[in-house]
Every structure is written in structure tokens, then in C-alpha cells.
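Below is one structure, written out as C-alpha cells; the observations come after it.
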Amino acid sequence: MFIKSLSLKDYRNYEYCVVNFSNGINILFGKNAQGKTNIIEAIYLCATSKSHRTSNDKELINLGNSEAHIKLTVNKQGIDEVIDIHIKKNNRKGIAINRIPIKKLNELLGIVNVIIFSPEDLGLIKNGPKERRKFLNLELCQLDNIYYHNLQQYQKILKQRNNLLKNLKKINKIDETISIWDNQLVQYGIKIINRREEFINDLNEIINKIHSDISGNKENLKIVYEKNVSNIDFKQKLENNLEKDIRFGTTSVGPHRDDMMFLVNGIDIRKYGSQGQQRTAALSLKLSEIKLVVDKMDDTPILLLDDVLSELDDDRQKYLINSLENIQTIVTCTGVEDYIKNSIDIGKLYQVSEGNVTLYDLHNKK
Ligand SMILES: Nc1ncnc2c1ncn2[C@@H]1O[C@H](COP(=O)(O)OP(=O)(O)OP(=O)(O)O)[C@@H](O)[C@H]1O
């Protein structure tokens, strides 16, 4: 699939803007704070219904205006699909697919498949478990509608259980209704654990080869799923921890406390890796994700590279660029030197300046 066009009205620092994309590599370049990431964010929003930067939709509306509109046309195996998003000040948004309004946000998932890669992703291994869980959830929600549903249910039940725990602390006694929540939490939790396990196994099938290539055959990379509970002991652990959970007013066990360990030549690089090792492993992870999505889908996803190339050294830049064949890529950067140096075949080059996007001719320097 590839994005044909994006139009923005009163969105972030754009009053009105239309960008037509090539189905190859598209580069948006410009100085800092001109609106490059805002374009990536708008595309991401059309794919997932959420911004990758904020959970407050109001921030997406151009300051001084009361509504924002985003329209994206994607071509899927020859057929155009149009996504319209309308964001209102009261944090409500209306979404339509081919002009038909959708009732639930998850109807949007799977229409446009994007993989986003930004400098923050390079910190995935160095950062805390919350970031790694976010990675798991974002990827799986896009790949699998059932996972999205199970995760939503799990989070809803977890919130209700935590509220009950806080009430039980106040009245200082144990209420039988907790076991009703526990059963439901276990029911959805197990589904989440199983799907995460399957996903990590799939990544492991791919990642070692990629990582070994990037590291010049010096390093071996394996991901280990650090489950906080297993599908066998989840219920028991909830019961064992009940008193503690009431004391703290929160659920201390479950997949909401999962993590992933990254082993390079058998060593946990979250703790003992150099920064370079951690960043390379993060790059391998992202590239594995691309390959996995390409293998699992009938169609190719769209790759969004937000200012990431300048963060990589020459060898890693080359490796990433060589992986971009046959996949529409939308790149943001401050300068195009890295792309010229790597002789990339650029489909469309745009300059972004103060909320304006203009086609740029490298040769005529227009
Ligand atoms: N709701 C909004 N209304 C108006 N302007 C906004 C709004 N939200 C953000 N901006 C402006 O958008 C600009 C930031 O855009 P963006 O994050 O896309 O920058 P960028 O070009 O990717 O820069 P960098 O290279 O620094 O990442 C800033 O000038 C910011 O003030």
C-alpha cells in the first residue's frame, strides 16, 4: 500500500496544506520546528486514531482555531481508500472511512499500516519497561484487532479492580466481588500473554540474522519475554498478593508489568550494554518488525522515519537504506546530505518551512 496524498486544515502549525507522495522514498526536509514531524504525526493518526506524541487531541488543533481536519488517501492494491478525521475542541473526534463515519475507533485499525521509527525508538532498550510494553502494544494492536480488543478489556478491568482495591483499603476488609474481577483479568490477561509470546517468538526468528549482519557477524541477539506472570500462575499470584494490593491500592501482578530482555552474546544489554550496542539492537528490532509485518501482511506497510538517519553511523545508515526496497517511506530530516551521500533514489523531495510544504528540485535548487 502507499499513501497518495495528505491534506491538513488547521492542524498543528498548518492552516491548509496538501502533500502528494511518491510510492517510493519521500523526503521532507527543513529547519527545526517547521512542521516535519507534524506531517508524520498526522499520517500516524490516520493509521491508529492516536498521535504518537500526545494523548491530548486538543493540542493537534491549530492554536486560535476550534477544529482540525485531516484527510488521507491510501492506495491499496489499486483501490483508493479515504480516511477523514475531524478533531474538535472538546477532545472528541469524528472519523470516516470512504465518507462513512465509523462507530468504534478500532474500525480504523488495519486500513493504513504504518511502522514509525523515531530517535526515541533508539532508546527503547535503554529506557524503562513501560516503553518496551508500549512497543509491544502498539505493534500488536496494529497487527491484530483481537489483541486490541483484549488489551482494551484488560485495561478496563484492571482499572475497576484498582478502584475496588482502594475502596477495600478504606473499609479495611476483603470483599468477595474481587474474585469476579480476578477471573476476568486472568481471562483477558492470558490472551495478551499468549499473543505477546507468539510475537516475540516471531521476532526472534528474524532478529538474529539482521543483528548479526549489522554487527559484522560479531554479535548474537535474542529477545527474552520476561512475563510477570504465566498463564498457569496468574490467578494464584493475584490471590497471594491481594493483601499487598489492597495496602497499595493497585494490582501488582499481571501482563501490565511485563518486560522484554535483550541478550547480546548472552549478556543483558539493558543493564550491561554500551549505548552503541543498545542503539544497534533497537535498530535490529525495528528492522525485524518491518520484515515481520511485510511477511504477515498481503500488502506492504508504510515506513515513517522521523529524523532517524542522522542518529546512525554510516554503516547503519547504509543497512537501513538498503532495507527500504519496495516500501513507501516518508522521511523527515534537517538536511538531505545523508541521502545524497548514500545515493538514495528519491521519489519526492519537499521542503518544509513554517507550515508550508513545497516541492524541491535538487538539481535546479528551486
Ligand atoms: N496546535 C498547534 N498550533 C500551532 N502551532 C503548533 C501547534 N502544535 C505545534 N505547533 C508548532 O509546530 C512546530 C513544530 O513542528 P514539528 O514538531 O513538526 O517540527 P519539526 O519540523 O519536526 O522540527 P524538529 O526538526 O525540531 O523535530 C513548532 O513551531 C510548534 O510551535
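Going from the start of the chain as shown, residues are counted 1 onward.
Glycine residues also receive a Cβ, built from the backbone N, Cα and C atoms like all the rest.
Predicted automatically and left uncurated, TrEMBL annotations should be read as such.
Pulled from TrEMBL, these are the features on record:
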type    : residues                                               : note
DOMAIN  : 2-335                                                  : domain 'RecF/RecN/SMC N-terminal'
BINDING : Gly30, Lys31, Asn32, Ala33, Gln34, Gly35, Lys36, Thr37 : ATP binding site
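Overlay of TrEMBL feature records on the structure.
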{"residue": "Gly30", "record": "ATP binding site", "CB count, 10 Å": "21"}
{"residue": "Lys31", "record": "ATP binding site", "CB count, 10 Å": "12"}
{"residue": "Asn32", "record": "ATP binding site", "CB count, 10 Å": "8"}
{"residue": "Ala33", "record": "ATP binding site", "CB count, 10 Å": "10"}
{"residue": "Gln34", "record": "ATP binding site", "CB count, 10 Å": "20"}
{"residue": "Gly35", "record": "ATP binding site", "CB count, 10 Å": "23"}
{"residue": "Lys36", "record": "ATP binding site", "CB count, 10 Å": "26"}
{"residue": "Thr37", "record": "ATP binding site", "CB count, 10 Å": "21"}
What average pLDDT does the predicted model assign to the domain 'RecF/RecN/SMC N-terminal' (2-335)?
92
Other than Gly30, Lys31, Asn32, Ala33, Gln34, Gly35, Lys36, Thr37, the chain contributes near ATP (Cβ within 8 Å of their centroid) the residues Thr332, Thr334, Val352, Ser353
In the three-state scheme derived from DSSP, which category covers Asn32 (ATP binding site)?
coil
